[in-house]
Amino acid sequence: MPEYTLLADNIRENIVHFDPNGLFDNLHTIVHEDDSQENEEAEHFNYDQVLDKSLLSRGSIVGLGLGLMSPVLGMCTSMAIGLINGGPLTIMLGFLISGVCIWFSSLSLGEIVSKFPMELHVGSAMLAPEKLKLVCSWYTGWLMLIGNWTMSTSITFAGAQLTISLILMTNSNLISEAHLIFYTVIVFYLVVTVVGLVNLKFARFIETINKVCVYWIIYAIIFIDILLLVFHKGKFRSLKYALFHFDNNLSGYKSAFLSFIIGFQQSNFTLQGFSMLPALADEVKVPEKDIPRGMSNAVLLSAFSGVIFLIPIMLILPDNDLLFTNHKVLPIVNIFTKSTDSVVLSFFLVLLILGNLLFSGIGSITTSSRAVYSFSRDQAIPYYDKWTYVEPDSQSKVPKNSVVLSMIISYFLGLLALISTAAFNAFIGAAVLCLCSATFIPLVLVLFTRRRAIRSAPVKIRYKFGWFINIVSIVWLLLSMVSVCLPTQVPVTFKTMNYALMVYVFCILVITGLYFKWGKYNFRLPLADDIKAPIPSDAEETVFELEDSNVEHTLNSGTTVKESVENNSEEGFIKVHPKSSTENPFEENEENVITDYGDEHHTAEQEFDLADDRRYDI
């Protein structure tokens, strides 16, 4: 009689050593340049390091990113969008396409963050043409900030809705239809308060919390999938149905293609949070490598785990007619109860999903508060000194005022739900619009420079893939923005209309007005460590190593010049344009006199002496 084994011997021996991060790193070797490439150079900026540089590791960035892009929480709370606009095909294929395209977007954004390891408005400032630096940086920063605030609100509010659904599972009459939104907002306020207090009082545990997040999501997926398959009472759907069935009758759209495009909203709400991670650059030891790799690994892990999570749900999916009978609870709750015919088991499954809420909520407040801090350092926000304040004797080095501001914004947006659910949903849709457009600006600027500006980035896409991945990313961002603006069902009423575009336009107008009222006179461009003249595309940098503060440089003309330079660079290098190397660098001319700050003129030697006190238009 043959001997049967559950797993092949080689799999059993090696499965305990399986590391998903290692698998994703191997995948990155296909699209990324070799890490050992020469001439790696990340831009460093002359800001005082106030936050804890060792607070987060690359693994913690992956965990925080997975929390922001949790397929368990995100796909479950927005399941109605996919079910109405096509069902399994829209959900599964839409998530796969979104996962690949958003991974491309994370790779493209990772190049910029690797070269300019700060929040995205910094990268836009460094990439933009001279006359547009201030404007590009301003719009990128504000769109990213608004996107952070609204995405944080959408995550916590979705969790509050799921909590109410959990309460109503046993008795749907506990809360009346008239008071449903009121109690949802109360739960929302509680969630925001809890995750905010964790950021204020227990920030030193965020590293551990982010790592636990990965394990929670993975085990939640395993438990939910297995329990659904084991305790399913009806007939299983075929694999063909689970992957390719399409029915958009509930949407009212005659066009199947349009319904499919609208279905991307579900995946975009889930996966767009990757662009919030660069705000954490001040709290990572090696941000030029850890942020890009952590960001793309988080997208891959979220997409991969999301597919595994969704397939069993599609296999036990009840008919749509049974899923929208009770509008007080989310469709995912009806899926569990109709499939298992057990309130107790369904209650446990929803609890596993709600566990993600804690990690996602904490991470969203963390990133939004750091976006406030980073943008305020350049005086972009009124009362910027308050938002950048960090208690010098605090153990965790957290910008507490920025955390409180992010909580207040969430509280305010939550009030909109009491006034109008359509208005609140519009702000949630605007979250994706703002994040997409804030990512769009620096990506377009990279193509505008023909990718020369990121040539020496420590993490860089291989040349043969770079243009393709950048262009696909830009097209995807535009498609995502169009998708989010469309109503999920037609015909529309005043209550069901999608007002996301109107809110987005309103945000643009406010940002523009604030620019002319405040930004034009107070906002300052990011301050780099050293002064660099513009480098033409056909020129290469000449790099001189400074052994100490007094060095003799022999110029091309044979002239020896002694320079006394205060070296602020960590690497100890100063870059000199080869075209200018034959000239006396301390002689005033059109190239070395900075005239952007009034009528006062300084030579290059004086500018080095003032490097710690002034900001430069890079």
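Every residue, even glycine, has its Cβ placed from backbone N, Cα and C.
The membrane topology recorded in Swiss-Prot splits Glu130 and Thr421 across the two sides. According to Swiss-Prot, of the candidate residues Ser364, Ser394, Ser549, Ser569, the site noted as phosphoserine is Ser569. Here the transmembrane segment (132-148) does not touch the transmembrane segment (61-84). Their Cβ atoms form fewer than 3 pairs under 8 Å, with each pair 6 or more residues apart. Nonlocal intrachain contacts for the topological domain 'Cytoplasmic' (111-131), taken as residues 6+ away from its ends with a CB within less than 8 angstroms of a stretch CB, comprise 41-45, 137-141, 144, 275, 278-279, 281-282, 287-289, 291-292, 295, 370-371, 374-375, 378, 380, 438-439, 441-443, 445-446, 448-449, 453-454, 456-461, 466, 525-526, 528, 617-618. Of the two recorded stretches, the transmembrane segment (91-110) does not lie close to the transmembrane segment (155-171), with fewer than three CB pairs under 8 Å once pairs fewer than 6 apart in sequence are set aside. Within its own chain, the transmembrane segment (298-317) has Cβ neighbours under 8 Å at 20, 24, 27, 61-66, 68-72, 75, 87-88, 91-92, 95-96, 98-100, 102-103, 106, 214, 217-218, 221, 224-225, 228-229, 232, 234, 236-237, 239, 241-243, 270-271, 274, 277, 335, 339, counting only residues six or more beyond its boundaries. Shown for the topological domain 'Cytoplasmic' (232-297): DSSP residue counts in helix, strand and coil, namely 47 helix, 2 strand, 17 coil. When DSSP labels each residue, the topological domain 'Extracellular' (420-425) comes out as 5 helix, 0 strand, 1 coil, counted as helix, strand and coil in that order.
At the 8 Å Cβ threshold, with sequence separation of at least 6, the transmembrane segment (180-200) lacks contact with the transmembrane segment (212-231), having fewer than 3 such pairs. Between the transmembrane segment (343-367) and the transmembrane segment (465-486), the number of CB pairs under 8 angstroms, six or more residues apart, is fewer than three, so the stretches are not in contact.
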